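K.L.:
Submitted below is the structure of interest, expressed as structure tokens.
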Amino acid sequence: INDRLISANNISLENVDYARAVQVLRDSGAAVQLVVKRRIVLPAAPEAQTLKVTLTKNKKKDDFGIVLGCRIYIKEISNKAAVEKDGMLKEGDVLLRINSNSTDNLTLKEAKKIIESTKERLQLVVRRDPPPSVMAPPDLTVKDIRNPDFSETRPNYSTQNLYVQPPTRSDHQRSLYGPDTPDAKNNLMRSGYNPVVLGTSSGEVPYGLHDQGGSPHDDAPPPRPPLPRPEDYYTRHAPKEGQNSPSKGPSLPVPDPRFVSFKKEGSVGIRLTGGNEVGIFVTAVQPGSQAQLQGLIPGDKILKVNDMDMAGVTREEAVLYLMSLQDQIDLIVQTRRHDYDHILNTQKGDLFYIKTHFHYEPNGKSELSFRSGDIFRVVDTLHNGVVGAWQVHRIGRNNQETQKGIIPNKARAEELATAQFNAAKKEQTQSESRSGFFKRRRNSRRSKSLGKDHWEDVVFADSVSKFPAYERVALRHPGFVRPIVLFGPLADIARDKLLKESPDKFASPQLDSSGEKPSGIIRLSAIREIMDRGKHAVLDITPNAVDRLNYAQFYPVVIFLRAESKQIVKELRSGYP
């Protein structure tokens, strides 16, 4: 009972539904070769020891011979002779009490102060944890099992499809916005992915949840298949970018995920650490809160909140989502103390890259200014524990980090970008109203040369492009020949030379059916056709159109041709036929 089937007669049974597994077994004939995974019961670990130790000083000016680390535990024994004489302390012992003071709510500084203020006798209560077991259950292979009547002997688990892989966040996003979808062929203005943003200003989350040591389903009488193993959960939910396990080391036993449910009263009562790179962890629990009463402890990793999967969620998004919940809160958590300690030591949390689409001049000294198109690596979306600022590294040439600072978070950035967009749109409207009547007529005639069925295919338009303030980006090497856009006083000459001298490498999608005169209209289908032929599409478009091409994932190579003086431009133009 509870063996997990990996394969039957070399046919994989992982991530398949129940009906498929039954069909494979029925089709196996009289004999079936199974590969199963079986959870073995590890020997019980020895319980932690609690020791009471009294240390004395030989002289009043001497210390007690121990150095405290940050947990609070004994990091180092500086005077081994004094410690061996008075007690049985060892490096790594966790302090539970110092004299009459519990260390539960003490900081390292406060603990050191208590020890230094003790005159002659220091009483300690310590916990010594046993060494962790590194035993891992082996995979078992069962061969040549005779196939009885499976339908008569199986338990009724028809509704318990535990191992079917759900669609991940990145798969869902790729299915909506991937380059292979029909909408991606013509529609440039696709809506981007918007993470959860709920207005708030506090880094402390309304208090959360936990249960008293186990799942509420542990005592269910009928036998059933086991919960997915922790490694199964993280394999299926591993994020696509940068969300590897926080540390690599010996495989240690990990507790099963547990379900916690409670009603929210005021605040949730927990503080969070981590981020989209390593996951969301509980780092502090308010004493007396529902979260503490349900057993939530620092080091618990939050896998799910209500119906929201926390894989790939930033710390800011997690805090805002928890604060937005009302009444009932359901959590799935898992104690991952080793990973939690690693996160605290390495200060890992959030990690993703953004591209800005507006200009920003900061007011504070610690904030960074930026222009539209700058790239930043975001490392903390909840700077100093307060919603409103992101800690980032500016990415310069050759992908080198050049500057560290803070920038507005996504919500503030959207407000600033919207204000800039509205101002630019108003200025453009006023400029257009001053334009001549005949210019408007020319634009009208040009638009009429394209049928209504193709209006959304036009790359450029006389309007201000509206993009999200921050666009998530990643460094990629495209697997296609990118279009080329030239700007500057000699751009037209450079385009002509490329098309005439290297027609095997460059082509223009703006020529009419005769291939000689430019038509003034660019369609994405024409650009794609040139790219499919392995050539660079040479484009004569506006800067706004470049933004639209980037948004359509065509990623053109943009080159600005600069001349040293007007005289050089004149000479080059006069010499070009």
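Placed from the backbone N, Cα and C atoms, the Cβ positions cover glycine too.
Unlike curated entries, TrEMBL annotations are predicted automatically.
In case it helps, TrEMBL gives these features for our protein:
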type: COMPBIAS; residues: 141-152; note: compositional bias 'Basic and acidic residues'
type: COMPBIAS; residues: 153-163; note: compositional bias 'Polar residues'
type: COMPBIAS; residues: 229-240; note: compositional bias 'Basic and acidic residues'
type: DOMAIN; residues: 1-40; note: domain 'PDZ'
type: DOMAIN; residues: 52-130; note: domain 'PDZ'
type: DOMAIN; residues: 264-337; note: domain 'PDZ'
type: DOMAIN; residues: 349-417; note: domain 'SH3'
type: DOMAIN; residues: 523-577; note: domain 'Guanylate kinase-like'
type: REGION; residues: 128-258; note: region 'Disordered'
type: REGION; residues: 422-445; note: region 'Disordered'
K.L.:
With helix taken as DSSP H, G or I, strand as E or B and everything else coil, how many residues of the domain 'PDZ' (1-40) land in each class?
P.N.:
9 helix, 14 strand, 17 coil
K.L.:
Please count the residues of the domain 'SH3' (349-417) that DSSP assigns to helix (H, G, I), strand (E, B) and coil.
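P.N.:
Looking at the domain 'SH3' (349-417) with DSSP, the answer is 14 helix, 29 strand, 26 coil.
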K.L.:
How do the residues of the domain 'PDZ' (52-130) split into helix, strand and coil according to DSSP?
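P.N.:
Once the DSSP states are binned, the domain 'PDZ' (52-130) shows 17 helix, 28 strand, 34 coil.
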K.L.:
Residue counts in helix (H, G, I), strand (E, B) and coil for the domain 'Guanylate kinase-like' (523-577), per DSSP?
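P.N.:
Tallying H, G and I as helix, E and B as strand, the rest coil: 28 helix, 9 strand, 18 coil.
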